[in-house]
Amino acid sequence: MTKVSSLGYPRLGENREWKKLIEAYWAGKVSKNDLFAGAKELRLDFLKKQLNAGLDLIPVGDFSLYDHILDLSVQFNIIPKRFAKEPIDIDLYFAIARGNKENVASSMKKWFNTNYHYIVPEWSKQRPKLNNNRLLDLYLEAREVVGDKAKPVITGPITYVALSTGVEDFTAAVKSLLPLYKQVFTELVKAGASYIQVDEPIFVTDEGKDYLQAAKAVYAYFAKEVPDAKFIFQTYFEGLIDSQVLSQLPVDAFGLDFVYGLEENLEAIKTGAFKGKEIFAGVIDGRNIWSSDFVKTSALLETIEEQSAALTIQPSCSLLHVPVTTKNETDLDPVLRNGLAFADEKLTEVKRLAEHLDGREDPAYDLHIAHFDALQAADFRNVKLEDLSRVATKRPSDFAKRRDIQQEKLHLPLLPTTTIGSFPQSREIRRTRLAWKRGDISDAEYKQFIQAEIERWIRIQEDLDLDVLVHGEFERVDMVEFFGQKLAGFTTTKFGWVQSYGSRAVKPPIIYGDVQHLEPITVEETVYAQSLTDRPVKGMLTGPITITNWSFERTDIPRDQLFNQIGLAIKDEIKLLENAGIAIIQVDEAALREGLPLRKSKQKAYLDDAVHAFHIATSSVKDETQIHTHMCYSKFDEIIDAIRALDADVISIETSRSHGDIIESFETAVYPLGIGLGVYDIHSPRVPTKEEVVANIERPLRQLSPTQFWVNPDCGLKTRQEPETIAALKVLVAATKEVRQKLGN
């Protein structure tokens with residue numbers, strides 16, 4: 001019989017119970033005991049759901065109260081030096097992730113090319129030790145519910161160290177962890193663990209080539225020291241970087257991604273690289289929400305089965321990246337809904353595929369195929385769109401000329417101050433929006449409320465003496481979902497939440513058909529805000545690449561076509577804003593770097609397509625219209641040429657948590673356009689000191705001209721509280737004025 005498994009399950013819960021529990025603890029509304037009890041209740045519920053889905057191996061250790069990499073850091077005593085004197089408890093754990101009054105938070109980076117963020121481990125000569133065997137505790141807890149189906153899951157030592165910062169000697173760092181992993185594994189085996197899943201996704205990246213010898217040594221050590229353990233060497237998000245070497249590791253099974261790494265991994269299977277090994281085949285897309293093509297997938301599984309000692313079917317990666325279930329999405333078009341598969345439905349899919357492979361007939365298998373075919377044939381996927389050959393893809397003049405024209409119009413001071421776009425969304429805002437959605441208040445009442453918030457924050461910004469203002473985005477729940485509600489080809493869900501970082505959950509829209517601009521999206525609120533002040537107010541849009549990367553995108557057409565469709569829609573909205581007198585328009589490409597393929601050989605094509613779509617969106621404006629863009633946490637050195645090629649008049653970049661790493665990208669490369677490198681971290685409630693912000697302004701000015709530098713927070717301020725937001729912006733403005741004075745002298 002073919003087995004079925006999973007790599008990980010969503011933490012949030014069907015109604016975001018996980019998020020609400022953690023935030024209640026942060027707010028002091030529940031005790032530590034309540035937090036731990038609530039977390040256990042959720043864990044056990046998730047285990048039972050997977051047991052009832054018919055899984056043969058159920059992941060344990062994927063659950064976290066913030067981030068699974070942070071869990072390892074605290075477990076292995078890789079605690080940042082600035083927190084070293086604090087007791088090792090849950091409050092320290094959250095402080096490392098979020099910061100506190102005394103110390104800044106650790107860096108946060110994207111988990112490979114997903115929209116999930118992990119807390120970067122900081123090495124600073126700590127002595128690794130096992131503070132607790134958390135995985136053993138969770139395994140013993142799980143055995144009470146699922147018995148011997150419990151499968152411990154842990155990120156492997158090579159990936160963990162590769163994702164760290166401050167590592168002076170990679171080999172020494174890995175070696176220092178091996179006795180700790182050995183103890184964890186030994187205790188798990190003694191407790192009855194059959195399989196142990198060790199995640200090593202670094203080996204699907206180009207960087208993984210540098211660690212092949214380390215992999216040989218590490219897994220030889222585990223095989224010798226824990227001989228009774230059955231290890232699954234698990235990778236995802238791409239194909240193995242070197243299957244010839246890695247397939248020879250002394251492990252029992254290999255978990256491979258046959259969705260995003262299909263070409264390389266299938267070739268390795270066909271050539272017999274994994275002959276005699278168990279294969280855990282990731283054939284269900286764990287990162288997107290479309291139902292699987294059972295016809296193609298069943299044929300693929302037959303090929304894999306022929307070349308493996310034993311086959312287990314599973315999703316391509318952890319289901320952390322998709323919502324929990326479609327069962328509550330009753331408002332969706334039936335053709336669309338029947339073509340979707342969230343986490344629970346994906347578990348059903350792996351079970352049905354296994355039963356079909358074993359020769360068991362099931363009418364549900366054939367019904368699944370019928371639903372899949374109906375979606376592919378739907379009319380909304382075959383719309384005639386604007387001819388791209390008639391669309392401008394280059395600004396009329398170069399940046400130097402545009403800058404002079406824009407400055408003559410805007411009269412901005414040296415080091416202009418601004419924010420990224422959103423302001424705090426209070427409980428009152430959320431409550432009023434919900435009342436409007438339920439029909440408890442009228443459209444007119446809701447509009448009046450939103451306008452009152454806009455006016456209040458315009459006055460706050462004027463009082464703070466910011467130079468370029470924003471309307472605050474109070475009408476938006478999410479920067480991508482908002483546009484998904486307004487464009488043809490998109491739909492939104494009621495409960496389609498996924499974790500982005502910590503307790504931050506997002507509800508990505510679904511791009512199910514061809515995309516078109518239907519009506520003004522942002523014009524009314526932006527024009528109203530501009531009518532209240534003589535200072536420029538930015539129009540706030542989300543760019544085509546970010547909309548795509550932060551949505552559940554359709555996969556039946558090439559990505560560049562989808563980029564271009566959305567670029568055309570954003571172009572139409574930009575033109576409406578420009579015609580309405582808005583002089584500065586920000587087109588956020590927060591997720592440009594996030595979508596970058598993990599392999600360098602695939603990156604140029606993606607970046608070329610991304611730049612082209614941005615040009616489609618922004619190149620039809622006049623020289624006097626200033627185009628801004630914004631980007632989130634990224635390794636920018638590898639995409640600096642693409643950033644320059646966007647030809648945005650000003651780019652703002654999230655930098656403060658990088659502790660200087662991102663700034664170095666712009667210190668070593670000539671960047672001629674306007675730029676704002678975030679001067680304080682908005683992901684932490686901590687208010688920066690003026691001295692910190694002054695330093696964060698002055699450091700990039702060693703390389704960048706003051707005439708091109710803008711001063712702004714790291715990112716939007718929607719998730720912050722109003723008092724801390726105003727306090728931090730006061731510091732930002734005061735620091736900017738101090739630096740201006742120094743420059744003037």
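Each residue, glycine too, has its Cβ placed from N, Cα and C.
The 5-methyltetrahydropteroyltri-L-glutamate binding site annotation in Swiss-Prot covers Lys19, Asn115, Asp478, Tyr501, Arg504, Ala505, Trp550 and is backed by similarity to another entry. Summarising the annotation, Swiss-Prot assigns L-methionine binding site to Ile420, Gly421, Ser422, Glu473, Asp588 and lists similarity to another entry as the type of evidence. Positions annotated as L-homocysteine binding site by Swiss-Prot: Ile420, Gly421, Ser422, Glu473, Asp588. Among the features that Swiss-Prot reports, Zn(2+) binding site is placed at His630, Cys632, Glu654, Cys715, with the record citing experimental evidence. Swiss-Prot lists His683 with the feature active site, proton donor.
Sequence features annotated in Swiss-Prot and their locations in the structure.
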residue : record                                                : DSSP (3 states)
Lys19   : 5-methyltetrahydropteroyltri-L-glutamate binding site : helix
Asn115  : 5-methyltetrahydropteroyltri-L-glutamate binding site : coil
Ile420  : L-methionine binding site                             : coil
Glu473  : L-methionine binding site                             : coil
Asp478  : 5-methyltetrahydropteroyltri-L-glutamate binding site : coil
Tyr501  : 5-methyltetrahydropteroyltri-L-glutamate binding site : strand
Trp550  : 5-methyltetrahydropteroyltri-L-glutamate binding site : coil
Here's one to test understanding: among the binding-site residues Lys19, Tyr501, Trp550, whose C-alpha is closest in space to the C-alpha of the residue listed as 'active site, proton donor'? Tyr501
From the Cα of Asn115 (5-methyltetrahydropteroyltri-L-glutamate binding site) across to the Cα of Ile420 (L-methionine binding site), what is the distance in angstrom? 19
With the fewest other Cβ atoms within 10 Å, the residue among the recorded positions Lys19, Arg504, His630, His683 is Arg504
Ranking the binding-site residues Glu473, Asp478 by other Cβ atoms within 10 Å, which is at the bottom? Asp478
Determine, for the L-methionine site, the additional residues of the same chain whose CB lies within 8 Å of the mean position of the CB atoms of Ile420, Gly421, Ser422, Glu473, Asp588; present them in sequence order. Thr419, Val470, Met479, Met540, Gln586, His630, Cys715, Gly716, Lys718
Using all protein chains in view, find how many other C-beta atoms are within 10 Å of the C-beta of Cys632 (Zn(2+) binding site). 23
If you run the three-state DSSP split on Cys632 (Zn(2+) binding site), which class comes out? coil
What remains of the binding-site residues Ala505, Cys632, Glu654, Cys715 once a 10 Å Cα-Cα cut-off to Ser422 (L-methionine binding site) is applied is Cys715
Candidates Lys19, Glu473, Tyr501, Arg504 (binding-site residues) - the one closest to Cys632 (Zn(2+) binding site) by CA: Tyr501
Closest of the binding-site residues to Glu473 (L-methionine binding site), Cα to Cα, picking from Lys19, Asn115, Tyr501, Ala505? Ala505
Any idea which of the binding-site residues Ile420, Ala505 has the thinnest Cβ neighbourhood at 10 Å? Ala505
For the residue listed as 'active site, proton donor', which of the three DSSP-derived states applies: helix, strand, or coil? coil
Which ones in the same chain are close to Asp588 (L-methionine binding site), with CB under 8 Å and 6+ residues apart in sequence? Gly421, Met479, Met540, Leu541, Thr542, Gly543, Thr546, Thr629, His630
